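Below is one structure, written out as structure tokens, with a few remarks after it.
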Amino acid sequence: MRKENKESTEPTIAGLPAATADTAGAASAPAPPAPGRPAPAPPAPGRPAPARSGHTSTAPTPTAATPTAPTELAQIPSRIDQVVHRLREAEVQAGRSMGETRLQLAVKYQPIEKIRAALEHGCRFLGQNLIQQLEAVETQITDVQPHWTHVIGHVQSNKAGKALEFANCIESLDSERLARRLDRLQGTRISNGEATEPFEVYIQVNSAGSESQYGVAPEKVAELAGIVSELPNLRLGGLMTIGAHTDDVGEVAASFARTRELRDELQSEIPTCTELSMGMTHDMEIAVKEGSTIVRVGTAVFGPRPRP
């Protein structure tokens, strides 16, 4: 069963002391679950980690246009360490406790050998934009335990079932229609014994008011959150935003601050809504200062994104 509660030890990144390590990765990870069982979602502080069932697939394998050079793979561990150092420095500068912010690796279009290099270094928290790649990658890393995968890209209604099957959380919920479909599908999974508890989702907030971004307008977030909180097979775990796409630091910070304020407002009515997924390679320090608990980083670890 994919989401069965169990105790979990919070791991550390290989080669880094616990105080400076990414709280999502694990060199000293707990023993893996039974063979064939992929990993649970990374628990928020104080939450037990759920487990998920094994699966097979005929989905195509994600590949790069050319094989990844050995030197590129060799650079990934040090790049992860550098990003973790940036995060911890940002936390100190923001007056936050070290380790409050988790590193999620955005792996869109990345070849499996790069993803494995990151996993083997102990960074076990992945973010997938594409459901097809989600399925393809997950079926190839069932031997790497534990690991956690969140969907961070737009979810089409006809791919919602695959997202539930292969991910631990969907951070990009942006409509009542999708919420109700996920609820129905998860209810069926629970009835069939494929799942044991509600599936975690975050609401994606279009905090910058950008026409090019998915997400819910800030003034509509409370309404959707109320709907989700009443659906028996979903659990609202937090909010996600991309933020303002600009070089204006003040504007970027304002979009992150608005998302944090929305989260704070929701928490009084929905205590499970604790997470703030915001910040990427170019603006993670701003996001950490504004309260982010998850930053989604790809380029700083993997280099330029390959073309599909």
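Even glycines carry a Cβ here, placed using N, Cα and C.
So that you can see what the record holds, here are the features copied from TrEMBL:
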COMPBIAS  14-29  compositional bias 'Low complexity'
COMPBIAS  30-48  compositional bias 'Pro residues'
COMPBIAS  49-71  compositional bias 'Low complexity'
DOMAIN    112-306  domain 'Alanine racemase N-terminal'
MOD_RES   LYS108  N6-(pyridoxal phosphate)lysine
REGION    1-75  region 'Disordered'
Can you name the residues of this chain that are 6 or more positions from the residue listed as 'N6-(pyridoxal phosphate)lysine' yet have a C-beta less than 8 Å from its C-beta?
GLN128, ASN129, LEU130, GLN133, GLY153, GLY298, ARG305
Across the domain 'Alanine racemase N-terminal' (112-306), what does the pLDDT come to on average, as a whole number?
97
